[in-house]
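Okay, structure first, notes after.
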């Protein structure tokens, strides 16, 4: 069983349409020394429908119609094929596109030779034995009995820790009550008499300046108070309002409109003004509007010898008249016939 060489032929699904290609590959020199050949579709292996045994095959061949640079192969199957190959097993059919995956999974890439490009799994076939120097035996005592090794008893002394000293109690910080600003100023003045004299001189100068300023503004205020002018005198008579507001005699308030129960005469004055305005309107608008015969007659002179309506359809009736025709509501008439508008004079 150990001398039997098993091979695996993985077939691309597109190759099933050309069975003669599969037979020609089986008869090639690659499978010449194979005693057993297994044949599976690569998609069956990809979907785990077929499980491969570990280290069973010495040769795996992938048959695909694709070009070498366009091969599409599931990268996860490279590890599966590496596990199913024996040490020194060969894998044909893949290209340098998957070279990195081959190196990761323990393959060596072979580019030269009669068999062409293929991968070889690293294993016992390529390992070489190396001599190893053994440790010389120890001389035993004359008695020939082996003595047990003697081990010194370790000492597990616990580490000693020194008790930390307690910190000495410290009292609470004491705070000195601050002195009043006045007292500190007095103390400083007592200590430094020259500085006090300088400050007194500055204070006296500032007091004199303040007194002079107040005197100046008092003089200005006195002049303004002596020459004050009434604000009403600054308004010209022409700028005064021409509206006279009548004060109601009962409520003693200024009103533009008379009260409901006014007895001061404002209500009567307003009524008199309203009557005068109404009478003026009646005089202007009360005159009746009268039209002469020429104004009441609309004649079209576009057709000589024949008189028709102004719009050309006025004589046909309301169905044919425009919305602004003055003959709306009148019966139809003959073109050129004078029409009197006396019937609608009241509406005008």
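Glycine is no exception: its Cβ is also placed from the backbone N, Cα and C atoms.
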- prompt: Swiss-Prot lists motif 'Cx2C motif 2' for one of the ranges 322-325, 326-329, 330-333, 334-337; which is that range?
  reply: 322-325
- request: Tell me, if you would, which residue among 262, 264, 322 (binding-site residues) has the fewest other CB atoms within 10 Å in the structure shown?
  value: 322
Field: Packing count at residue 325 ([4Fe-4S] cluster binding site) (other Cβ atoms within 10 Å of its Cβ)
entry: 17
Message: What does the DSSP secondary structure composition of the region 'Fe-S binding site B' (311-325) look like, as residue counts for helix, strand and coil?
response: 6 helix, 0 strand, 9 coil
- line: One finds that other Cβ atoms within 10 Å of the Cβ of residue 259 ([2Fe-2S] cluster binding site) number exactly 15
